[in-house]
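Q: Okay, here's the structure, questions in a sec.
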Amino acid sequence: MSWQLAGVALNSRFLIGSSLYPSPHIMQGAIAESEAEVVTVSLRRQSPKQQGGDAFWQHIQGLERHILPNTAGCYSAKDAVMTANMAREVFNTHWIKLEVLGDEYNLQPDPFALLEATKELIAQGFEVFPYATDDLVLAERLVNAGCNIVMPWGAPIGTGRGLMNPYALKILRARLPDTTLIIDAGLGAPSHAAQAMEFGFDGVLLNTAVAEANDPVLMARAFRDGIRAGRNGFEAGVMQQRDLAKPSTPVLGTPFWHQDKNHRGNAS
Amino acid sequence: MITIQFNGEPHQLKAHALPEVLLELGAPKMCAVAINGQFVPKNEHDSVILQDADALDAFTPMQGG
């Protein structure tokens, strides 16, 4: 079933990164297998004698996906705004995955600089995809600043720890029902992605878990299927947990209906 | 001749105007340019003249997560 991301109709709820793959060929295979329609890229300073940038871009272009440039590595609102403007010119898109980091150790977003950069970029006409923590008030401030999308982390980038704070993420979903919420970063296993989707998140963005798998192409398929399974589960409605067991097989007409009540086993 | 830093390395250049400088350096067509840390949009390139000791950086598409 298709959905809307920043005004674009997509079939996949998987957004995938283009970094860390063993080779461009494997990157292409993994992105194709993921069926993700949005691919994140970056801008980097490069010697003109090295043509890697052009070669990389040709590989990405060949996939015919929507491009989501990032501002990875920026530690100030000013640098992030400048990087976003350069990305808009190079990639010809007003989409920007806004990363403004505040801590080098765990690559945690700087909420204050993130909000400052968000306001400036929205004023400049960008569609901002802010990489944020799972902090509710930050997410609300980003939405109030004009964000249609917020991307809370599951865990710090590249850790593969999954959803560290399910409580906070569920609260985000409940409090921002009209905002597109995408889990970005920290997922390690397809089950993590499935869990995020079961919570009702609109999509999942990840890179390392696929790119650094022993078989990135197979892992891309696994995440693709996990995301679908989780979304289907959310739409179907996950049952409420109970404290007490409840037999799924009818009790009426049990063959051993006459056995001692104190020794009766329950049906499964 | 002027000497500038291009992507962190010194280069001696005959050209001074930014479009000619980029050609002389063989900068890729698909790149964004910053001079002394400030982004220079493409529509301003024609009006920019580089000075000796300027720092010119070209940013190209790269892998990203």
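A Cβ is built for glycine as well, from the same backbone N, Cα and C atoms used for every other residue.
Caution: TrEMBL annotation is automatic and unverified by curators.
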Q: Can you tell which of A:G158, A:G230, A:G233, A:G237 TrEMBL lists as binding 1-deoxy-D-xylulose 5-phosphate with A:A185, A:G186, A:N207, A:T208?
A: A:G158
Q: In the structure shown, which of the binding-site residues A:N207, A:T208 has the fewest other Cβ atoms within 10 Å?
A: A:T208
Q: Per DSSP, A:T208 (1-deoxy-D-xylulose 5-phosphate binding site) is which: helix, strand or coil?
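A: Reduced to three states, the DSSP call for A:T208 (1-deoxy-D-xylulose 5-phosphate binding site) is helix.
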Q: On the 0 to 100 pLDDT scale, where does the domain 'Thiazole synthase ThiG' (A:5-250) sit on average?
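A: For the domain 'Thiazole synthase ThiG' (A:5-250), the model's average pLDDT rounds to 96.
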Q: Between A:N207 (1-deoxy-D-xylulose 5-phosphate binding site) and A:K97 (active site, schiff-base intermediate with DXP), what is the CA-CA distance rounded to a whole number of Å?
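A: One finds 14 Å between the Cα atoms of these residues.
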Q: Using Cα coordinates, what distance in whole Å links A:A185 (1-deoxy-D-xylulose 5-phosphate binding site) and A:K97 (active site, schiff-base intermediate with DXP)?
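A: So the Cα of A:K97 (active site, schiff-base intermediate with DXP) lies 12 Å away from that of A:A185 (1-deoxy-D-xylulose 5-phosphate binding site).
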Q: Give me the long-range Cβ neighbours of A:G158 (1-deoxy-D-xylulose 5-phosphate binding site): same chain, 6+ apart, Cβ under 8 Å, in sequence order.
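A: A:G158 (1-deoxy-D-xylulose 5-phosphate binding site) has long-range Cβ partners A:L107, A:A185, A:G186, A:T208.
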Q: What number of additional C-beta atoms lies within 10 angstroms of the C-beta atom of A:A185 (1-deoxy-D-xylulose 5-phosphate binding site)?
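A: So the number of other Cβ atoms within 10 Å of A:A185 (1-deoxy-D-xylulose 5-phosphate binding site) is 27.
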